[in-house]
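As recorded in TrEMBL:
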- Lys22, Val23, Lys24, Thr142, Asn249, Phe250, Arg251, Lys269: ATP binding site (BINDING)
- Cys71-Cys121: disulfide bond (DISULFID)
- Cys81-Cys105: disulfide bond (DISULFID)
- Cys88-Cys115: disulfide bond (DISULFID)
- Asn140: N-linked glycosylation site (CARBOHYD)
- Cys173-Cys183: disulfide bond (DISULFID)
- Cys217-Cys226: disulfide bond (DISULFID)
- 295-317: transmembrane segment (TRANSMEM)
Amino acid sequence: WVFLWQKGYQETDSVVSSVTTKVKGVTLTNTSTLGARIWDVADYVIPPQGENTVFVMTNVILTLNQSQGRCPELPDDKTECQVKNNSCFPGYVSTHSNGIQTGECVSYNSSIKTCEVLAWCPVEDDSHIPKPAFLQAAENFTLLVKNNIWYRKFNFSKRNILPTINSTYLKDCIYDAHTDPFCPIFRLGQIVEAAGQDFQEMAVEGGVMALQINWDCNLDRAASHCVPKYSFRRLDNKDTAHTVSPGYNFRFAKYYKNSDGTESRTLVKAFGIRFHIVVFGKAGKFDVIPTMINIGSGLALFGVATVLCDIVVLYCMKKRYYYREKKYKYVEDYEL
């Protein structure tokens, strides 16, 4: 079994890999805040290039025209205050603060007062996440994955854009496990669905996906048989019983100067799906040394098996005395 099924006659090597990605897709949104706006790759892929990863923004909370100054903090149990019983402390800052308290209690709206802070104003309010996701059309964006692999021991290299794929085919193909299993272009919605998830649901708060490429190659066969196998799975935990801090998001800002020379920014809280390209595999090729080692080990096992059988029969079975009489022949030594 070890020699044939596990290919004990082969020397093996692990894969060395490099990955580059390219996302394509354009969509249009129309909101009361931004109006009609086109979103292309430069807007929703952040950063433009990652190490074996690509992040696609699917939802967003924008805080426009922030500038440094004084403004009321968001209301919660620790920031709400009363003028007569002021609970604001100058210089106080907590983990969840948007700024540093000035010690003043000011109006947040007509009915609520909160502590004033030195911050980028107005402060961000992320209590309501847009539903459905801001960039619903992201499920139709495409991801091109270019993967080069190398097996050092055998000096064998290959890439996932196979020699049979030409530029005409590459322009139009979309990966399909049945009809186009070697197309390196994937529709984002299809990746998520293949992992048993709902793209529109995942797009609201974000998540982490794995696109796995398996290169298991038998190099005793022709190189054309060494081809990639793709699979997909969700990496972040989606458990309805544990809903604290779900999904994947981060913040960044776009800065600019106003006509009067003051600095302003647009704060972006981006929700999206992070795609990890995970490459693994093993190659094997016939070699004399592992062949002889496994043959020798197999022969040695036959000898061990004989000893074990003798121990069982001679000491454990009910008819051990009968077996001992048949196995051994006793002779008497007569003195001459």
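Just so it is clear, glycine is given a Cβ too, placed from its N, Cα and C backbone atoms.
Phe250 (ATP binding site) sits 30 Å from Cys81 (disulfide bond), taking the C-alpha atoms as the reference points. The Cα atom of Thr142 (ATP binding site) lies nearest to that of Cys183, taking the disulfide-bonded residues Cys88, Cys115, Cys183, Cys217, Cys226 as the candidates. Nearest by CA distance to Cys183 (disulfide bond), out of the binding-site residues Val23, Arg251, Lys269, is Val23.
Ranking the recorded positions Val23, Cys71, Cys217, Cys226, Asn249 by the distance of their Cα atoms from the Cα of Cys81 (disulfide bond) places Cys71 first.
Long-range neighbours of Cys173 (disulfide bond) (same chain, six or more residues apart, CB within less than 8 Å of its CB): Ile165, Asp180, Cys183, Ile185. For Lys22 (ATP binding site) paired with the residue listed as 'N-linked glycosylation site', the C-alpha to C-alpha distance reads 14 Å. Put simply, Val23 (ATP binding site) is 26 Å from Cys226 (disulfide bond) when counted between their Cα atoms. A straight line from the CA of Arg251 (ATP binding site) to the CA of Cys115 (disulfide bond) spans 24 Å. Of all the binding-site residues in the record (Val23, Lys24, Asn249, Lys269), the one with the smallest CA separation from Cys121 (disulfide bond) is Lys269.
Cα separation, Cys105 (disulfide bond) to Lys269 (ATP binding site), rounded: 28 Å.
Cα to Cα, Cys88 (disulfide bond) and Asn249 (ATP binding site) are separated by 30 Å.
In this entry, ATP is bound by Lys22, Val23, Lys24, Thr142, Asn249, Phe250, Arg251, Lys269, whose most widely separated C-alpha atoms sit 24 angstrom apart.
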